[in-house]
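Student: Pasting a structure below so you can have a look.
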Amino acid sequence: MEKWIGIIMIGFSIFLTACGGTAEGKKTEIHVMAAASLTDALGEIQKQYEQEDNVDLIINYGSSGKLREQIIQGAPADIFLSASLEDMEKLVSDGEVSDWARALTNQLVMISTPEAAKKLNGWSDLISDDIQGIAMGQPDSVPAGRYSLEALEHEGMWEDIQARVIYGTDVRQVLTYVETGNTDVGLVYQTDALSSSQIEIIDVAPKQSHQPIIYPIGLLEDAAENEIAKAFYQYLLTEDSLSIFEKYGFEQGE
């Protein structure tokens with residue numbers, strides 16, 4: 001009898017250990033919505049953070065406008081990193097954001113392949129008949145596209161070039177159009193340009209030609225009581241994280 005009791009106790013102990021190990025080993029998921037232009041920098045932060053903390057960062061990259069729509073429609077989201085101050089402010093107005101900060105800034109640049117760059121000198125070359133295709137983001141959903149439209153209208157170029165514009169669904173698609181030779185030039189963020197060895201920066205858009213490019217980071221209302229999500233939100237605003245963003249060409253915000 002004692003033998004069977006011992007066997008049962010050992011088996012029960014193994015069962016509890018197995019259950020405990022599963023519970024302890026399970027990672028907590030944090031759902032993040034992030035502008036496509038943050039892919040490289042946030043990817044490095046993700047790798048570092050997941051190694052140090054028992055979390056699994058589920059990151060959905062895309063255009064800020066479309067990500068905002070997904071948040072409003074109820075998609076899982078704890079933190080939103082936007083390339084558009086306007087999109088963040090709309091969510092704040094709708095009561096979707098618990099806390100947020102103007103974390104980063106960027107610049108709008110004109111890019112081309114090294115071969116095409118030989119015949120280009122600057123922003124004014126966009127109206128040249130030699131330019132057959134100009135890639136930029138959709139202005140209604142891609143912040144980089146909206147900044148591009150503002151700059152082109154401010155410089156009086158839009159009417160001359162709009163027939164040659166090819167739109168991308170996010171800034172990374174615009175970069176790909178230029179890298180693959182589908183367009184002669186593209187308008188992207190400086191950080192995207194620096195991420196590619198296949199293109200060259202021709203010129204920087206005049207700063208006064210468009211709204212300041214500000215990247216706000218927000219903790220969404222649904223995650224306000226989620227201490228693990230809150231901890232990652234706060235980590236994104238630390239010098240450790242900001243230094244990684246700076247490595248990829250971003251500058252700190254206000």
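Yeah, the Cβs are placed from backbone N, Cα and C, and that goes for glycine too.
Curation does not apply to TrEMBL; its annotations are automatic.
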Student: Which of these, VAL171, VAL178, VAL204, does TrEMBL say binds molybdate at the same site as SER37, SER64, ALA144, TYR189?
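Tutor: The one candidate that TrEMBL places in that molybdate site: VAL171.
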Student: For ALA144 (molybdate binding site), what is the secondary structure by DSSP, using just helix, strand and coil?
Tutor: helix
Student: Can you list, in sequence order, the residues of the same chain other than SER37, SER64, ALA144, VAL171, TYR189 whose CB lies within 8 Å of the CB centroid of the molybdate site?
Tutor: ALA35, ALA36, SER63, ALA83, ASN106, GLY137, VAL142, PRO143, ASP170, VAL188, ASP192
